[in-house]
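**Student:** One structure, pasted below without further comment.
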Amino acid sequence: MKILVCENYDKLSEKAAQIIMSQITLKSNSILGLATGSTPIGMYKKLVEMYENKMIDFSDVKTFNLDEYQNLPISNDQSYHYFMDDNLFNYINVKRENIYIPNGMANDIENECIKYDNLIKEAGGIDIQVLGIGNNAHIGFNEPTVNFEKKTYVVELEESTKIANARFFNSLDEVPSKAITMGIGSIFESKKIMLLATGENKAKAIYDTIYGKVTPEVPASILQFHDDLIVILDKEAASLLNPKDYKVV
């Protein structure tokens, strides 16, 4: 595990984007695992800037997103399809046929989950998976008490997660109650994982993830066992960590 602490959110976003750029420079047909939520938005902006400055080429890249709400049309501005278009895909040269996001509108949702894992496998596996982390240390929509071996599956969202996401909707009632998410088992198969966190409200989750007992009660704690994990934090998210355990960048 490698832990980097940045001065602020902008520096964190820049560092994360540089790591993605390095991955694509080394392997032009990289398979990227992407996340939604507020944390990676700055990274996506930096990647768009890099593309506009001809520093990065996405034409051979494939992307797989972590999750999508169930029964929320992709045209809805709160769907993760919409989010990814609005924050990244509409502004870079990634091919539409190389973008994969779970289909939350699928008639056979269980089959959609199996199909999604198979698509990742057929692509050769994810080279680098971007993750955010919830206040309760969830990753993707893998909530506390999750089975660590689970592949992509349908999850009932915890009330705390719905409340956290309600800020993106007009009301709590509009937040979908279910989502398709890559399971911990699917995420863990990624060759490299990059976990991003900002703000004091994430400090406890980060502390438990790095120092705590590995337990389904803290879903992100399983990342302690991953062979190639990089954690990028701002000062606030790192506030509970021992300074000897991280590098300031």
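Placed from the backbone N, Cα and C atoms, the Cβ positions cover glycine too.
Residues or ranges marked as active site, proton acceptor in Swiss-Prot: ASP67, HIS138. The feature active site, for ring-opening step is assigned by Swiss-Prot to ASN136, GLU143, with sequence analysis given as support.
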**Student:** Give the sequence-ordered list of residues that share a chain with GLU143 (active site, for ring-opening step), lie 6 or more positions from it, and have CB atoms under 8 Å from its CB.
**Tutor:** ASN136, VAL155, LEU157, GLU158, THR161, PRO219
**Student:** Cβ distance under 8 Å to ASP67 (active site, proton acceptor), same chain, sequence separation 6 or more: which residues?
**Tutor:** THR36, TYR80, PRO102, GLY140, PHE141, ALA179, ILE180, THR181, MET182
**Student:** Can you tell me the three-state DSSP label for ASN136 (active site, for ring-opening step)?
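**Tutor:** Looking at the DSSP assignment, ASN136 (active site, for ring-opening step) belongs to neither helix nor strand, so coil.
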**Student:** Based on DSSP, name the secondary structure state of GLU143 (active site, for ring-opening step): helix, strand or coil.
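**Tutor:** Assignment for GLU143 (active site, for ring-opening step) reads coil.
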**Student:** For ASN136, HIS138, listed as active-site residues, tell me which one has the smallest number of other Cβ atoms within 10 Å.
**Tutor:** ASN136
**Student:** Which three-state DSSP class does ASP67 (active site, proton acceptor) fall into?
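**Tutor:** Once the DSSP labels are grouped into three classes, ASP67 (active site, proton acceptor) ends up as strand.
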